[in-house]
Amino acid sequence: MIWNLAPKGRAFRFVGHQDAVTSVQFSPFGNLVATSSKDRTVRLWTPSMKGESTVFKAHTAPVRSVAFSHDGHRLVTASDDKSVKVWSVERQCFVYSLSQHTNWVRCARFSPDGRLIASCGDDRTVRLWDTSTKHCINCFTDYGESATFVDFNPSGTCLASSGADSSLKIWDLRTNKLIQHYQVHSAGINSFSFHPSNNYLISGSTDSTVKILDLLEGRLIYTLHGHKGAVITVAFSRAGDLFASGGADCKVLMWRTNFDAKSYQDVLQQHSRRSTPDPPPHLTDIHPRGPHLHRQQPRAIQISQTVADTQSTDPQVIELGRAAHSAKLFSGQTHSFPLQTATNSQHSNGLPPCHMATTRVEGWMGEESVCWTGAAATGSQTGVSGGGKGRREEDEEGRGHTQPLEVVSGHPSSLDLTLQHIVQQLDILTQTVSVLEERLTLTEDKLKECLLNQSQILKDVQKSEERRRTESEESDGSPEEFT
């Protein structure tokens, strides 16, 4: 789904993947959208009414992550086939593969200057790759469980990684040393994002919270309780004035920050006066009779987000991709119909109305949040709509500009049959290549194991020879030497 945040803006639903979509990212210039899926493919979409996409037969297993380089020329993908692959966006082709992980690869990202790639996976390692030599130049192995997410800070001097053990670590790439280690969540961390200023970081966890860290002071400053399930992904906007979080509760929350407007101490004091007033004094405070304990006030602000859903009209959702752009078929009778849109009249067809929720809490960084909700089981569309006055006029204008599609029925021509045969042969060829790649991967693993065993045997042989040599030298000693 691509949402238009402008009032009365249309939302686009792109259809094409055959399985769950695992990752989505805009290109740096906003003219392309890359998606990865469990159907083993990566797609490049044009975010427009045309709904065109290019398919990369990327991996031999589900693709977990896709990301653009900062110049927009390359794509990096991570997959359950234990490999990281780099693709050319302009030529739309495969460039090279990185394959030293020994288990599923969860995430891969380019550094801001494009000279490095970081990847992490279920082998409990975070690897750093040189894009010029294609070699792994560093490997961090300090995780007790799977490493779930990895990314560079905006300046490219640090690398952060999170794990299923609820830890978040930040490494200084100039010294290859761990400089910060946070253990603030009670469950695994699924995603995190750096603020453009390098001073803050947000993280989303399976414990259903979003936490905000002050990297300069090295501590947790906010805990946000907006979601009712695991938080799957979080991201700052490019300017840093907004951030969004998406959860397993089928909601996307948009938050407004005020990092540059107020200092944290001012926010803390104002919030403490508003929601956590000091407890009444003890009698022993007025008439001290002996020592007693005071409970220390927590320094991290807990934000319990109680969002009241307000029902509003649906945005106009336009279906694009496979369902709307079927190939032109055959000659014969012609039937035309408009693009499928979600308007108020469709509520009787099982499409629920959209919910928009806003909340304003003064004095803390999340001044305002906007919520989009949707039902996962039905795949229903949701979004923020202008609502109210002028909605009917906007719908009529949308219908007026919507171009009808033509579906032509009849008997297939010889050209169509030939094209279908070619497509079938290409699919068979693709499956064959996938099988060969899987076998090559297995063979490579076996060869690595054999090489390791051989090197171990050689070491053992050398040690035994040295031991025999020393024993023979000792036995060859003359009696005079002993006397």
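From the backbone N, Cα and C atoms, a Cβ is placed for every residue, glycine too.
Which of 139-166, 195-222, 419-446 counts as coiled coil depends on TrEMBL, and there it is 419-446. Secondary structure of the repeat 'WD' (224-255), assigned with DSSP and counted as helix (H, G, I), strand (E, B) and coil, comes to 0 helix, 18 strand, 14 coil. The stretch from 56-97, 140-181, 182-223 with the most CB pairs below 8 A to the repeat 'WD' (14-45) is 56-97.
Secondary structure of the repeat 'WD' (56-97), assigned with DSSP and counted as helix (H, G, I), strand (E, B) and coil, comes to 0 helix, 23 strand, 19 coil. Computed over the repeat 'WD' (56-97), the whole-number mean pLDDT of the model equals 92.
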